[in-house]
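Trainee: Sharing a structure, written as structure tokens. Questions coming.
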Amino acid sequence: MSDIVFSNEHNDLVECKTRSGCVALVGATNAGKSTLVNQFVGAKVSIVTHKVQTTRSIVRGIVSEKDVQVVFLDTPGIFKAKDSYHKMMIRLSWSTVKHADIVFLVIDSNRGLQPDVHDILKEIGKRSGRLVLILNKIDCVKPERLLEQAEIINKLVCVEKTFMVSALKGHGCHDVLNYLYSTLPVGPWIYSPDQVSDLPMFHFAAEITREKLFLHLHQEIPYSSHVKTEKWEERKDGSLLIRQVIYIERSNQKKIILGKNGQNIKMISLEARREIAEILEQVVHLVIFVKVQKKWGNDPKYLSQIGMEL
């Protein structure tokens, strides 16, 4: 028998032929959540670097296949945060878990069950709802170790299904998608079939530049910086002018970002511009400034201005 739902307009009984649901990915930093979302979607919707704490906000990746739409929610990695900004990120992750239809607990199987993972398992264990275990980076781990980790986690929390995948290589990802296609509840689609993300390109361009900061700069610089797109202007010749500002906390960080003879900022700008232009299929002029915003990570007024409420 087909599933029957009430229409909103006339309260009539109508047949619903689509399925949909939100899947929140939660885990420790650098577990591979963003890579996994990109792999599921088949496009880059979340920036990825080798450094921890790259993801700072909820990123939605959308997969629409036949009669099913899956909205993946990539959350900031969970760790013991110290400043207000990072504490806000952790609260955001747990809040997203609370409202998702299914939670994917993503574990870096190469690192194993470290103390931070046990902390997450304790918190997950307090919550009800559907939970799927994703053991990632299986190409780096022996099978017997994977089975051992899966057995331990399944004893600690109630898991409805366990998958072993390599997000980087795509191994096992189709099995995960097929499972979702067959188990998501009946419901209307939230997004159009051709949409892969709800993040405006205006904001994603800033994320791309931030990714280049993480890739080229070291120590605390990427973590104490924030990128904001302040101008987005379509020009008469068909090109696009983008003006961005990299906000840092201390004036001595400016020299590091600029680099000797401006080499660092040139490389960051060049790589960001190329990627933005490739995505938009448009000539892009990218201008980047560096400004000091002291202790922005603990400044409620500034965080509110950039859309982050403590």
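Here the Cβ of each residue, glycine as well, is placed from N, Cα and C on the backbone.
TrEMBL: automatically predicted annotations, no manual curation.
The shown structure was predicted, so the numbers you read here are calculated from the model rather than taken from an experiment.
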Trainee: Would you please say which range out of 84-87, 112-115, 136-139 has the annotation region 'G4' in TrEMBL?
Mentor: 136-139
Trainee: State the residue range annotated as region 'G1' by TrEMBL; the candidates are 27-34, 227-234, 291-298.
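Mentor: Residues 27-34 are the ones TrEMBL records as region 'G1'.
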Trainee: Take a look at 53-57, 74-77, 136-139 and tell me which one has the most Cβ pairs under 8 Å to the region 'G1' (27-34).
Mentor: 74-77
Trainee: Taking DSSP as the reference, which of helix, strand or coil describes ILE138 (GTP binding site)?
Mentor: helix
Trainee: Return the residues near THR75 (GTP binding site), defined as same-chain residues 6+ apart in sequence whose C-beta is under 8 angstroms from its C-beta, sorted by sequence, else 'none'.
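Mentor: Once residues fewer than 6 apart are set aside, THR75 (GTP binding site) is near ALA24, LEU25, VAL26, LYS33, THR55, ILE58, LEU92, SER93, THR96, VAL97.
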Trainee: Just give the helix, strand and coil counts over the domain 'KH type-2' (217-294), going by DSSP.
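Mentor: With helix first, then strand, then coil, the domain 'KH type-2' (217-294) has 31 helix, 28 strand, 19 coil.
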Trainee: Look up ILE78 (GTP binding site) in the DSSP assignment and report helix, strand or coil.
Mentor: strand
Trainee: Averaging the per-residue pLDDT over the region 'G1' (27-34), what integer do you get?
Mentor: 93
